[in-house]
Each structure stands twice: as structure tokens, then as C-alpha cells.
């Protein structure tokens, strides 16, 4: 009998060891590649592709990031001149070849515009009754135009009011300014050197663009998207219809596509070899969950261009800090963005269709046509899926209707059946078909509650551990969910075993995903939200897995046949010992011997011509051969085989004919699609959000997202988990204990994952006070300040009056800054006239005034008012009706930026007598002289150049003495702000 049992071993049977091994292999085979994709950047090619020089690009990046280069710094001017030199060196061979060639049609014309003329006054538009911020900015953008082979040959921009003809061109944008506290390797140095390589690529013979290509090296993005705004005043802004914006919101890794305008333009990103990104991030912006903005909002929202946002998203702890340098990124990251830029741009400039040249609905925007909302995501970093949101909606509606109908019309047989009545006698035969029906929702809710409780626990005890240990958090939640679900499922199976556990589990999963898909479909239709696209595939997999469970039931005998057989009323020729019920399933008075072996008496008949060669045997739906009732000599041993090869342990006896391999098919239909789509989303989300706590965002959102995604990823395991052996759950329980202890007691920051704090030094020129402030999260902020020598022994004042959520701002009297430039006296004493000069002239009898302001060794100042002014105008400024400088809310602050150092701005302002009055230049003199006509505020200038040690000693001191797990970033436009108070009456 041993050899017989060995032959019956099935490596894919629904028994503990096959289930444990196969399920583990499937999950590891999918999760490991997903982890690799999110953690490892594809290698750059060893040899340069045609038209690209990666070595040159890396050297350019190293030069660009040799110092801090914010707009308000001398090094920014050096970078500007260096870029012009690099551009000219790249296009020089093309220009010289064109001059020597008689057939210049094959060589693209290249035009370089050093835009030092454009300026603009605009505002942020305001929200509700909030006063807006007005901005005046002078351009230092560099614009390169590569004429396409199908472009108008006329230099139309040289004519006044000249307009382009033909199809619109393509804009690729990156900003060459950095923040004052970061070297800007990924924000946005890689974008800048990618533009240089795009220039080289499209001026290489054979790579000529069909449509014109505009490369915008914009300056001033970090402070208020100023460079993109002022680009709107250049003639080429009317030529481009599509765009690709290169950005950085992290400091390395892969460049992610995290926002696009429509389906049609997104398809061109599919040309890249290593796509990466999801529509989830785009919907985060749409729903207001992500508040930081890029030049994308200017190109699309104001100019009406259609395009894509490509950016680095992690790690945010290095973003805007001194670790955003070439040491902490790689040539692989550079190649990932560059290759995506080349693939996308090449597709856009080669496109000959009319999708991007239709009439615009807004006459103030370019005629770029109208796109459709899209759904897009990558798969394993090698394939890219993109389709219309309307397609998602239509398929979702169809599946929501068809799937339940298919399930409903499929014969459920033993499902939901407790017993079967015998015809004629009325006897009830127990089927136990409802056993296992209610356990799934109870266990799933319990298992899901645990990660949510853990999220609350971490938020209360150690809220920032995810900052440096996101995978420890993931491991804790995964192990807790799986162990608890396994324990409860095994307990339920022990006390009430059921062969229908899998069918009921898939049914509940089907119901839950159906509800979620309904909600997602409503949001997709009404709000245009596509982030739940994975639910369509999740539901489709759940539907197919559920349907298979229902189709399995066709392998069972009919309930009536089983009932008659258990009471001995079926003919012996149709009977089988393997359909025997246990004693507690029989509610009739039939004798056990008759019920168990109803055909024993008539089995030894003589064979005839019609007798089967496999006499006494039958084949089940699962292709298991079972013996019929043979001789009494082997009855005991054969009964033992039946128990091992038929029903599993104490499950319903009618279940022996159920297929034993279909669980593998169900696993493969549901688990891979869930792991691929949901797994990538989970890692993408946590990688981009795990370090937002240092920005004042609640980390509970991150932990809650981990808990939800843990459940979504583990649900495909649940129908099978009661068959697991104890080995893996026990191991995971130990993992849970270890990671829980670590997550509760470990210090959340490290030199590789630093806590970001925000620095500013404010000098009050009225009283000579000098205040240094750091903004961050407590109690870590206090620990950092206690390590600073100049703060020792001082009364540190802290408050939460910041716009950054949970952050606190702590201040003390700091070291005096030396920002007035070389050749001037050291600023050990605050002399107001050396810092800012300003003059205010009020118009007699009116609520009008002219303010002249200038700062020493700076080109950035601002005016802040205690109450909003109605209107303002900067002398010599252009105004664009698409971006009005004021609104009915009024202007509370005016920011002034100049391309010229120590420039004097002349600003005319007027203000209302009260918040309810409209502007009226003919108001009575008595009203204007009344106290309510008094306007007070501050004249402020800013300094942002920290390249030389000793210029801002307080900043040098913080960097030198702060703990290694502290990073310093800017708190405002300037590192140092000096202010004068004024009153106009």
C-alpha cells in the first residue's frame, strides 16, 4: 500500500505543504523584483548612444553643483554664463558645418536667446478671502530653439506681434537655479544637463526634429516659479503646444512620471525604455493632497500647453539640503531621466497628427486642442500602460454588471445549503454547506484592524520611525496581518472544518472588491479621479477566482444523489464508498452499515462483455482514481487510503470529488495582478511620503496607507491561508515581535536619513535685534539647538505659529551676518543705512503712495503690509491679463526680484479706507486723513548666498555643531532678512 500512496502524491494538491511552498514562491517571485525596481536604478550604458555623451553630462553636473546657486547669488550669474558657453560649444560644430555645406536643409538651425529683457508683475491669485502675494520678476532665462524640418522658415519672432505658422512646437524645461541650502544635483541639475544633451542629440545628423524644439533653461523656479511665469512674455511661448518638465522633488533614484495633462500626450512617455510612475501621484495633486508645485502649473494652467512632469521623488530627506549633490546621486539616475527625456521628446517632435493643434476653449491660451483624462502606470519598470479614463469607466461598469450575473446564474449546489430533504420520506440529510460562510469577514476585519492599531501605536509612541525604517514598518504590518489571519483561520478550520472555506472566502472578496469598484467608478466619472485603477484588475481577478470556485462544484454529486446514497437508497451499481457521510450528517434511521456500503452485497457479480476493465474503480473530476468496494480482506487499508486521498481531515465527506489543483489557478489569477499593481503603488507611495513628517505633515497618513496596502496585498492569501503549515507563520510572528520592538524604541533619524530643519536669520533694523530661528519637530529641534554654542545660556523662545502643521519655530539671538559684500565693513554693529535704503512719498489727499526700495549686495526685496493694499504697480513692468497682479482680496505682500544687483525698485500702491470699500480716487479729504487711512508695514531685503564661510556665521555654526542626523534647509526666500518698519499716513 505504500507504493500506492506514493503514486497518489500530488505536488499541487490543496494540502499544507504544496500550498505553503507554492504560495511563498509566487509571492517572493513577484515582491523581490518589485523591491529591486523601486530600490535599484537601471545601469547607464557602457558606450554612449548616438548623439549623447554621458561622461560629458556627468562632468557638467559636477560643475553645475560646485556651489549653491539660488537666483539671489553671485554664483547664479556664473552658472548663467557657463550655460551660454556650453550651449555655444555644443552647437558650434553644427553652425560651422552649416556654413560649409551647400545643402543646409539637412542641418537644423539653432537660435539662442539670452532673455535679459522680459519682466512681469503677477500674483498667486489668492484663495477665498485670503490676501494674495504680488510678484515682480526680471528674466534671466536662456531659451534655445531648434528649428524643425516642417517649421516655418521665417524668423517670425523678429517682427512686432509676429505669430508662428504651422504646427506647434515642443517645450522641454528645467530650471538652473537651486535653493540657497542645496547644491541642486537633482533639483534641478540633472534636468539642466539633460537639456544640454537633448541639444546635442537633436543637432546630431540623423536626429533632426520634424517639429520645432524649444529648450528652456529657466531661472527663478525655486522662489515662486518665477522663470516659467516670465517665459510667458517671450514670443516662443506662443509657439510651443506640448511640454516636458524636468524636475526634482527628491535626490536620486528613478525619475518618475508623476503628472500629465491627458492621455494623448502621455502615450509618448511609453517610448522610454524604463518607464516609472503612476497616475496616483497626479490625482494626489488634483485632490490637494500634494501641495508643492512645479512649472507644470504655469505651462498648463496659464499658457494652456499639454505635457508631462518628470521628477525625482525620493529620498525627501536630501531634498533642498547639502546632500542634493553628485555624491548622493549617480550617473545611472542621470541616464534614467535623460533616456526618458530623449524617448518622450523624440516622440513629440516626430508626431505629425493634429491632436495638439486644435482650437482651445480658452482664447487666452495657445491652440493646443483638448485632451482626454487618462490612466497610466508602469509594470516592472519595463512596460507602460496608458488608456483613457472613459475606457476605465466603461469597462468597470460592464464588469460590475456582468460579473455578478455570471456568479448568480452559476449553480451553487452545496453552497448556502445546510441539509437536503429526501423525496418521499422527508428525511433530512445534513450537508453542512453553510459552514465557513461567516468566518471570512470576521477574520479579515480582525486582521485588518491590527495594522491600523499598529499605525495608531506608532503615531503615539515613535511617529517618525518610518522616516528611516519604512521596510521595518512594512515587515511589522505584513507579519502581523499574516500571522493573525493564519491563526484565526486555522482555529476556525479546526473547530468547524469546511471544504467550502475557499469558495466562501473568494465570494466575500468578490463582494468587497465589487463595492470598492463601484465607489471608484463613481469618482472616476464625477471627479475624474483615476488613482483606483488597480481596483478594476483586482475585481476582475477576484471574479475569475470566485467563478472557478463555483465551477468546481460541478465535480460534486448532486445533493439529491448524495442524500439518497447516504441512506442506502441508490442502486449498488452507482454507489461508492467515497461518498460516505459521517454519522453526524445522517438524520434518518438508516443503519450505519447500509449507509456506508450500500453496494457491498451486490458487487461480486460475474463479469460480462460490458463490464469495465477498471472494474470497481472510478475517476473523479480531479483525475484521482478511487477503488470501488472490493473484497473484505483489504477493506481496512483501503478505507485509510480513502481518508488520505479523499476528503481533507474532517471536512464534509461529499467534498472528496472536488478538484485539488484549481487553487493554483485561482492564486495565479488574483495574486500576481495584485502584487504587480498594488505592490508598486504601495512602494511608490511610501517612498515619496515616508519622510514628509519633517515638513510638518502627520505621519499617521503614511502609517494608515501602509495598513491599507498591507490588507490589499495579503487578501489573495486568505482563501488559502488555513492550509499553511505552522513554519512560515511562526517565523513571521517572530519577525513581528522583533520589528515591533525596534519600531517603538529605535531612534528615527540617521546621517543617511536626516531630519530636516528650516533656517532663517532676521535682522530688525529699527532696534538692531538679530534673531536666528530654526523650524522643526519637537523634541528633536530642542536637541539640535542645545548643541549650538551661541544658543547656550539663552532664553530660547518656541511657538507653533508656523504654516507647517506640526512644526515649531524656536528663536534666539544669533551671530551677526556679514552679507553686505566685500569692501564693506564687518557688520558687527547693525547700521540701518548700510542694509536698506527706501523712500516713501504719499500722494496728498489720496490713499496712494510711491515706495522706492533698494538693498545692499542683493537683488531681492519685498514689501509687507499690515493690511492688504488694493493695487500696486512696479515702474517699467509688463502686465499680462492672464496673470493679473491684484484681485478683490487685495495684496498683502509684494516680492521684488531684479536681474541687476542693488537695483532700486519704484512701486506705486493704493489702498482702500476699509476692507468693504472699493477703490475710489475721488474720496473726500477728510476720509483720507482719518486714522483708518493709515497704512503700515515693513520694507524687507533678503540675502541668500551662503557659498563663502563667514558670510552667514549663524548658518555656518548650525551646520558645524548640529547633530549629524540634522539637515538644514531654507525657511523662506532669503537666508537672512533685514527689515525696516514704516507707516504711511
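Glycine is no exception: its Cβ is also placed from the backbone N, Cα and C atoms.
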| Using Swiss-Prot as the source, do residue 11 and residue 886 end up on the same side of the membrane? | no
| note | Note: Swiss-Prot has 175, 247 binding Zn(2+) 1, and from 187, 262 that site also includes 187
| request: Select one of 138, 150, 154, 222: the residue that Swiss-Prot places in the Zn(2+) 2 site alongside 187, 320. | output: 222
| Fewest other C-beta atoms within 10 angstroms, as judged across 187, 221, 222, which are the recorded positions | 222
| note | Stretch winning on C-beta pairs under 8 A with the transmembrane segment (441-461) (pool: 503-523, 528-548, 667-687, 728-748) is 728-748
| remark: Contact set of the transmembrane segment (528-548) with the rest of its chain, CB cutoff 8 A exclusive, min separation 6+ beyond the ends, reads 279-280, 282-284, 286-287, 373-375, 377, 389, 392, 395-396, 399-400, 403, 406-407, 410, 503, 506-507, 509-510, 513-514, 516-517, 519-520, 662, 665-666, 669-670, 673-674, 677-678, 681, 712, 716, 719
| request: Using a Cβ cut-off of under 8 Å, list the residues of the same chain at least 6 residues beyond the transmembrane segment (389-409) that approach it. | output: 263, 372-375, 507, 510, 514, 517-518, 520-521, 524-525, 528, 530, 533, 536, 539-540, 543, 546-547, 550
| task | Note the Cβ centroid of 187, 222, 320, the recorded Zn(2+) 2 site, then list each other residue of that chain whose Cβ lies within 8 Å of it, in sequence. | result | 178, 179, 182, 184, 188, 248, 319, 324
| message | Using a Cβ cut-off under 8 Å, which residues of the same chain at least 6 positions beyond either end of the transmembrane segment (471-491) come close to it? | response | 439, 442-444, 446-448, 450-451, 454, 458, 465, 501, 686, 703, 706-707, 710-711, 713-714, 717-718, 721-722, 724, 728-729, 732-733, 735-736, 739-740, 742-743, 746
| remark: Cβ-Cβ distance under 8 Å, sequence separation of 6 or more, same chain as residue 320 (Zn(2+) 2 binding site); the residues meeting this, in order, are 179, 181, 182, 187, 756, 969, 970
